[in-house]
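Working notes, beginning with the structure itself.
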Amino acid sequence: MASSPAAVPCSSHHPDHPMSAPAPSDLPLLDPAQPASARPAPLWRRLIAFTLDTTLLGAIGYGVGMLLFDWVVGLGLAARLIGLVLALGYFGLADSRLTGGRSFGKRLLGLAVVGPDGAPLSIGAATLRALVLMAPVILNDFDLDEMSPLVTGLWSFLVIGVGLSLLYLVLFNRPTRQSLHDLVVGARVIDVNPAPAPTPAPAPTPAPAPALPGRPLRLVHRIVVGLLCAVSIGYGLVLPSLVESSVRLSELLVVRNAVRENPAVRDATVARRWQKTTGRDEASEAIVITAVVRQWPADPEAAARDIAGMVLKQYPQLVGERPLIVKVAIEFNLGIANYSKSQGIETSAATWPKAEPLRS
């Protein structure tokens, strides 16, 4: 006697018995039947979400900088550490399980960050992921006075090596688009736009995204990332000797150090730039000095004249017949937000002490 259909075990492979649908975790990554919550996020949506998040983060950083203006200005390059702390705090919380892995930008674009098990990241993992991503963006400057091979080697590895690796992997590590910061913690950014359901789900909270099979980084990507990091370290190690062997850069650094001896000046830059100057229709090479002050002077043009007079007197060979532009500026740069105000003059050895105020 034929057995009742109810007696057939669920695991039966009888040819006449319909097979149950495979679990989402068994489906190929890009299978059309795969739930939206298991699909990698499209690159363009990731970029827009990141832009929205960094815009919001920049607004927060700008507010902090203006609120603590005098203190932040006095920090100089160290102010970037404040920006890094704010970035780690923002992404460490906004991309963690506290928000379901959905920061402000990701929520608007229907994305989420999840771990290898499909669940949102812990705060620690989200913070580590943010550190790998944001450190090259924020710490992209260093003090020329500290140009030792160790410092420039580490800086070059972090900013150039890691930065280019992040960009390379998000562009070419398909189909997952996992970049270096994702791989460090096993995270992925997924599309969480809900698929149409015939009936409302009774569960009060959505289930975590299904786990996907591990996809080890392809050998070619490992080689490219390794080369980028190795070349960046090599470049950083030889950078100090390249600067020292350059006569043009060395003489600019000498003038920069002289400007920085002014107690009112916190930092300074000296550069040769091609730009249009007063009385010239075409661009010409000019010496441009920017003195970043600790406090805004009562008469910024007078402060600029003092610096111009010192440079023309002590370093006439550097200026020669070129126009000399001197700017007095007050600024802060958190890496995520910056502020700058400047005022200056334009003169030359031939026209000094006559000077024209710079037009903003």
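Cβ coordinates are placed from backbone N, Cα and C, and glycine is handled just like the others.
The region 'Disordered' feature in TrEMBL is assigned to 1-26. Look at TrEMBL and you will find 41-184 tagged as domain 'RDD'. Taken from TrEMBL, the feature transmembrane segment applies to 47-69, 75-96, 108-132, 152-171, 223-243.
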Among 47-69, 108-132, 152-171, 223-243, the most Cβ pairs under 8 Å with the transmembrane segment (75-96) come from 108-132
Under 8 Å between C-beta atoms and at least six residues away from its ends: which parts of the chain pack against the transmembrane segment (152-171)?
43, 46, 132-133, 135-137, 139-140, 142, 177-181, 183, 221, 224-225, 228-233, 235-237, 239-240
Which residue counts does DSSP yield for the domain 'RDD' (41-184) in the helix, strand and coil classes, in that order?
108 helix, 7 strand, 29 coil
